[in-house]
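Novice: I have a structure I would like to understand better, so I am pasting it below and will then ask my questions one at a time.
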Amino acid sequence: MAFLEDGNHTAVTEFILLGLTEDPVLRVVLFAIILCIYLVTVFGNLSTILLIRVSSQLHHPMYFFLSHLASVDIGISSSVTPNMLVNFLVNQNTISYLGCGIQLSSAAFFGASECFLLAAMAYDRFMAICNPLLYSTKMSSQVCVQLVLGSYIGGLLNASSYIFCFFSLPFYGQNRVNDFFCDFAPLVELSCSDVSFFAVVTSFSSGSVTMITVFVIAISYSYILITILKMHSTEGRHKAFSTCTSHITAVTLFYGTVTFIYVMPKSSSSMDQNKVVSVFYMVVVPMLNPLIYSLKNKEIKGALKRQLHKKILS
């Protein structure tokens with residue numbers, strides 16, 4: 001049952017996700033494309049995690065953070081993609097009230113965790129380039145574990161605000177969500193009460209995560225740029241900059257899409273635009289991250305060649 005009687009109101013017990021399109025041909029095409037993307041995402045990120053674990057050459061703080069970034073990327077994609085694939089195959093995709101809350105909180109948790117991990121990786125590059133003599137001390141195993149735990153705690157706090165707001169909102173009658181997953185913005189439109197307080201809470205939570213992490217990344221790279229410009233050796237500049245290119249690319253892709261959704265002016269077609277951009281940063285970006293690091297990082301490419309060589313010889 002989609003509704004339950006609650007006094008004079010009919011409470012929603014499940015939601016209908018409208019998805020990306022109603023065109024049957026386009027649904028089949030999108031199913032095939034997104035299924036391939038999801039398989040590449042899971043395989044690519046799992047391969048990155050496994051390679052970092054088995055290669056002693058990659059047992060450094062930067063790759064420790066990268067392995068957790070790969071785990072979070074799998075989480076982000078898995079929180080929405082399987083359900084979206086089902087949506088392409090059925091005429092009406094429903095999700096329970098509890099399932100909707102779990103999906104919303106999962107996306108909020110993994111999204112915020114990725115922001116904090118990207119900030120931690122920027123700090124790691126700052127220490128490696130600007131304070132190389134203190135790097136081993138300042139970025140010890142204990143510090144790295146604390147930064148990762150802090151990233152997950154930050155993600156949990158962000159998810160908690162969304163959980164609180166979702167389960168505090170009353171839903172009566174309307175249950176058709178104009179999105180491919182349970183995002184907060186289209187859910188708010190279905191609520192029959194004053195949502196201003198809950199909108200402020202979630203905006204403050206996600207805005208704080210974005211502002212804090214962007215500030216850390218911007219300050220870190222400001223100092224990195226100053227340090228690189230002070231280097232007299234062209235080779236030294238190139239080597240220092242090359243260690244940051246993969247991270248800069250990942251940051252640009254992730255924050256660029258998030259900024260488009262939450263900062264760009266709204267229009268009548270903004271909901272459809274947001275759906276497309278959400279697909280990009282929740283489905284496509286998690287696939288691109290392992291490709292970015294494997295193609296641009298010489299140490300990962302070298303470790304991969306050594307592991308493949310060992311397998312061939314064995």
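Note that Cβ sites are derived from N, Cα and C of the backbone, with glycine treated the same way.
This is the feature table in TrEMBL:
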DOMAIN    44-293  domain 'G-protein coupled receptors family 1 profile'
TRANSMEM  28-51  transmembrane segment
TRANSMEM  63-81  transmembrane segment
TRANSMEM  101-123  transmembrane segment
TRANSMEM  144-169  transmembrane segment
TRANSMEM  209-229  transmembrane segment
TRANSMEM  241-264  transmembrane segment
TRANSMEM  276-295  transmembrane segment
Novice: Can you see whether the transmembrane segment (63-81) and the transmembrane segment (144-169) are touching - at least 3 CB pairs under 8 angstroms, only pairs 6 or more apart in sequence?
Specialist: yes
Novice: Could you tell me the mean pLDDT the prediction assigns to the domain 'G-protein coupled receptors family 1 profile' (44-293)?
Specialist: 88
